[in-house]
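Sequence annotations record features per position, and here TrEMBL assigns active site, proton acceptor to 72. Taken from TrEMBL, the feature site 'Important for substrate specificity' covers 11, 73, 157.
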């Protein structure tokens with residue numbers, strides 16, 4: 001079987017390599033607005049599904065042994081969804097909002113067979129609590145550039161780890177791809193991972 005990762009994220013690519021899988025990368029430019037009429041768990045899986053289908057449309061051939069893996073991650077605090085910050089000022093505001101508080105990181109994951117005959121999906125939620133941050137720490141962290149392409153304006157796998165007091169749930173979900181959920185979807189489709 002063959003796999004396409006529908007993401008340009010270097011973090012997702014690194015995580016998928018941890019599973020020992022060969023894959024190619026294709027991305028699609030879609031509207032990443034979540035459907036606010038749906039429960040968030042459904043909306044985040046739906047967005048990942050739209051990414052997978054957009055990549056599916058780019059394929060010249062759609063054999064039954066080819067699958068497309070797509071994911072999307074958001075940070076949620078008090079019902080407010082924090083995606084990627086538009087600029088440094090927005091990143092600072094997000095980090096101030098998260099400072100000293102627990103929040104949820106949610107990732108929807110979808111595995112779509114290229115011929116469209118099957119689609120598997122799931123999601124993961126991890127609770128992350130930030131330690132109280134000073135304004136200087138926030139400015140210094142944003143100045144590194146690290147938070148500008150990440151949901152919630154931090155990367156737990158980098159300097160953002162210094163912002164975190166504790167985590168409850170899947171660490172890899174916070175990085176951008178919950179590996180156990182991903183493995184389970186791949187197994188449902190027939191991949192033999194640790195079996």
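Just so you know, glycine gets a Cβ as well, placed from its N, Cα and C.
TrEMBL annotations: computationally assigned, not manually curated.
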Taking every protein chain shown into account, which of the recorded sites 73, 157 has the largest tally of Cβ atoms within 10 Å of its Cβ?
73
Can you tell which of the recorded positions (11, 72) has the fewest other C-beta atoms within 10 angstroms of its C-beta?
11
Reduced to three states, what secondary structure does DSSP give residue 72 (active site, proton acceptor)?
strand
Using residue 157 (site 'Important for substrate specificity') as the reference point, find which of the recorded positions 11, 72, 73 has the shortest Cα-to-Cα distance to it.
11
